[in-house]
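Per TrEMBL, the features are:
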BINDING   K66, K90, S344  substrate binding site
ACT_SITE  K102  active site, proton donor
SITE      D142  site 'Important for catalysis'
BINDING   T185, N216  NAD(+) binding site
Amino acid sequence: MNALAATSRNFRKAGRILGLDSKLEKSLLIPFREIKVECTIPKDDGSLVSYVGFRVQHDNARGPMKGGIRYHPEVDPDEVNALAQLMTWKTAVADIPYGGAKGGIGCNPKELSNSELERLTRVFTQKIHDLIGIHTDIPAPDMGTNAQTMAWILDEYSKFHGHSPAVVTGKPIDLGGSLGREAATGRGVVFATEALLAESGKSIRGMTFVIQGFGNVGSWAARLIHERGGKVIAVSDITGAVKNANGIDIPELLRHKESTGSLTNFNGGDAMDANEILVHECDVLIPCALGGVLNRENAADVKAKFIIEAANHPTDPEADEILSKRGVIILPDIYANAGGVTVSYFEWVQNIQGFMWDEDKVNNELRRYMIRAFHNIKEMCQSHSCNLRMGAFTLGVNRVARATLLRGWEA
């Protein structure tokens, strides 16, 4: 089941639990605006080439729309739609004053030079500058984009609207980016894990962890779990997988990956089959890579007691049912990986105030937001007697529905 179908299914399930009016339910699913633009640029060799850019703005009932921009050869409008919708519920769960958006350009960034990427980003910004803005829609980096991409968008947007650092988040620190943004998603995952374990009277210290995906989120989560005395016993990424039953020395593994670019040939552990990582014996499994990795083929073999969804949509609905029946507790993506957008919100707040925070303040506020959201989700679970995923969805959908009704949606 693809991301759009799964998100819509979860939304409808939450709507039934909440007893939403069917007209309201329908209007919440329809995006506010879908933008499609042609971006034509000269390549370095002088030839002209055209790329299609998208921006889906899903909902603005709770505040300006927020979401990433991805550069990827298969930017599928359906997927962008699903991800925009997911951002609406995610920002509501985290209780930050935003709605959802998502965008992208159908290109392969690996095949473009730096100057071609800059021209493409600037043309895209020229085409959408009057449809984004500090109080309208605030883009951020996503797959294939980074802080540099945001710097170009900021510069191009500012030519039309004056210096506007708050128009994008995930910027370089020198242009108004926030301290702590780099580690935010991974740190949020760890705060979420602490909140979940504390509820069972456990803590990270002494528990065993398996982490699939060792990019930004996975490596930060591993580092912070290691610092807190958790045992990371297996890690994998596209280059390979490594295990050590006594716990991997994460700082050492990070240095190894930094110098060799891969997890293979690490002498602080044994190589293992990357396909085995999800069914490896452990207390807590953290998928930080792709969607749909837990499915009906492997769900019955998962040995973890807790699954923390650091990736977007790693568990498909069939696996969800199998795992729930087996008593595995799943902390849903819509909450678990909300640390990134929460610190993006802090970045926006700092830019608007023109007053920057130190890193401790960013991290302490992030902890406060993640812990508060967990307790809000638990309250929904209790009042609707549902699992954590539905607790999170009902929380998010209910907040957006309430805002929509208060604003007078039928007028």
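Keep in mind that glycine also has a Cβ here, set from the backbone N, Cα and C atoms.
Same-chain residues that are not part of K66, K90, S344 yet have a Cβ within 8 Å of the Cβ center of the substrate site turn out to be G67, M87, T91, A94, I96, Y98, G100, A140, A338, G340, V341, T342, Y345.
Taking all protein chains in view, 29 other C-beta atoms sit within 10 angstroms of the C-beta of the residue listed as 'active site, proton donor'. Geometry remark: K102 (active site, proton donor) versus N216 (NAD(+) binding site), CA distance 20 Å. Annotated pair K90 (substrate binding site) and T185 (NAD(+) binding site), C-alpha to C-alpha distance, rounded: 13 Å. Looking only at the recorded positions D142, T185, N216, the one with its C-alpha closest to S344 (substrate binding site) is T185. Once Cβ contacts within 10 Å are tallied over all protein chains shown, the binding-site residues T185, N216, S344 are led by S344. Non-local contacts of K66 (substrate binding site) by the CB criterion (under 8 A, 6+ apart in sequence, same chain) comprise M87, T91, Y98, G99, G100, A101, D137, I138, A140, T169, V341, S344, Y345. For the pair formed by D142 (site 'Important for catalysis') and N216 (NAD(+) binding site), distance between Cα atoms is given as 12 Å, rounded to the nearest Å.
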